[in-house]
C-alpha cells in the first residue's frame with residue numbers, strides 16, 4: 001500500500017465524514033425547522049443535481065467518461081435507487097429502535113454475503129472489532145424494538161438491497177476498472193429516475209402530505225439548493241470510499257457519522273443525552289479504532305504477500321444519514337438516505 005494510496009484513502013474518508021455531517025445539519029434545518037418532510041423526493045433531486053454537476057465536469061474534461069455495459073449500469077442504478085426507497089419506507093413503518101437495528105444488521109449481512117458468494121475471508125480480530133462497534137452503536141442509538149409484519153418485511157428487503165448494492169459498487173469498480181466518478185456518472189440518472197417517480201408517493205405515504213402542494217418559500221428553496229450541492233460531495237465520497245476501501249469499511253464509517261451526529265445534537269442542539277449514549281459512543285469509537293488497527297495490520301500482511309486478504313468490500317444514506325433523538329422530525333431527517 002503506497003503512501004499516495006494511503007493519503008487518497010484518508011482523504012476520501014475525511015470527505016465522506018465532513019460532507020455527511022454537513023448535509024445532516026442542512027437537512028435537519030430543512031426538515032425540522034422549515035417543515036419540508038419529503039425525504040425521498042429530496043434524495044431524487046440530490047441525485048439529479050449530482051448527475052448534472054458530473055456532466056458539466058465531464059464536458060470540461062475534469063474526467064473521462066468510460067462506457068459500461070448498459071444492462072449492468074441500469075440494474076445497478078435501479079438497485080441502489082430501490083434500496084434508498086426501501087430504507088425510507090423502513091424508517092416510516094418502524095420504530096426508531098427497529099430502524100437502527102436494520103442499519104446495524106447491514107454489516108454482518110455484508111460480511112456473510114461476501115463470505116458465501118465472493119469467498120472472502122475475515123479474520124477473527126476483524127470480526128471481534130465489528131462486534132464491539134455494533135455493540136457500541138446499539139447502546140448509543142437503539143431505543144425500542146416494536147415489531148410489525150410490514151415493517152419487518154420492508155427492513156429485510158432494505159438490508160438485502162443495500163448490501164448487494166454496496167458490494168456491487170466495489171465489485172464493478174474493481175473488475176471493470178472504472179473510477180468512482182465514472183460509475184456515479186453512469187448510474188446516477190437511473191437512481192434519480194426511480195426515486196423521482198416513486199418519491200412523491202412514498203413521501204405522501206409517510207407524511208400524509210403532497211410535495212406538490214407544499215409552500216416553497218425562499219428559505220425552503222435556499223436550503224433545498226444547499227442540500228443538493230452538499231449531496232454532490234456526499235454521493236461522490238460514498239462511491240470513492242467503497243471503491244478505495246470496502247463495503248464493510250464504509251459501514252464502519254457510517255456508524256462513526258452516527259456517533260458524530262449524536263454528539264453534535266447534544267453539544268449544539270441540546271438534544272436529550274444520557275450516560276447510555278456516552279457509553280455507547282465510547283464503545284463504538286473503541287470498536288472503530290480496533291477495526292482500523294486490525295485492517296492496517298492485515299493490509300501490510302497482504303502487501304507483503306500474505307494469503308489472508310483484508311476485507312475488500314461499504315449507503316447510500318445510502319445511508320440514511322442521521323440517527324439522532326427519538327422524535328418525528330428526526331425520523332424524517334433520517335430518511336434522507338446514504339447516499340442522498
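From the backbone N, Cα and C atoms, a Cβ is placed for every residue, glycine too.
Your range for transmembrane segment, going by TrEMBL and the list 112-129, 130-147, 184-201, is 130-147. When the ranges 15-37, 38-60 are checked against TrEMBL, the one recorded as transmembrane segment is 38-60. Counted over residue pairs separated by six or more positions, the transmembrane segment (222-243) shares fewer than 3 Cβ pairs under 8 angstroms with the transmembrane segment (72-91), which leaves the two as not touching. Listed by sequence, the residues of this chain that lie at least six past the ends of the transmembrane segment (38-60) yet keep a Cβ under 8 A from its Cβ atoms are 27, 30-31, 81, 84-85, 88, 181, 184-185, 188-189, 191-192, 195-196, 198-200, 202-203, 206-207, 209, 211, 214, 224, 227-229, 231-232, 234-236, 317, 332-333, 335-337, 339-340. For the domain 'Sugar phosphate transporter' (19-292), the model's pLDDT averages out at 84.
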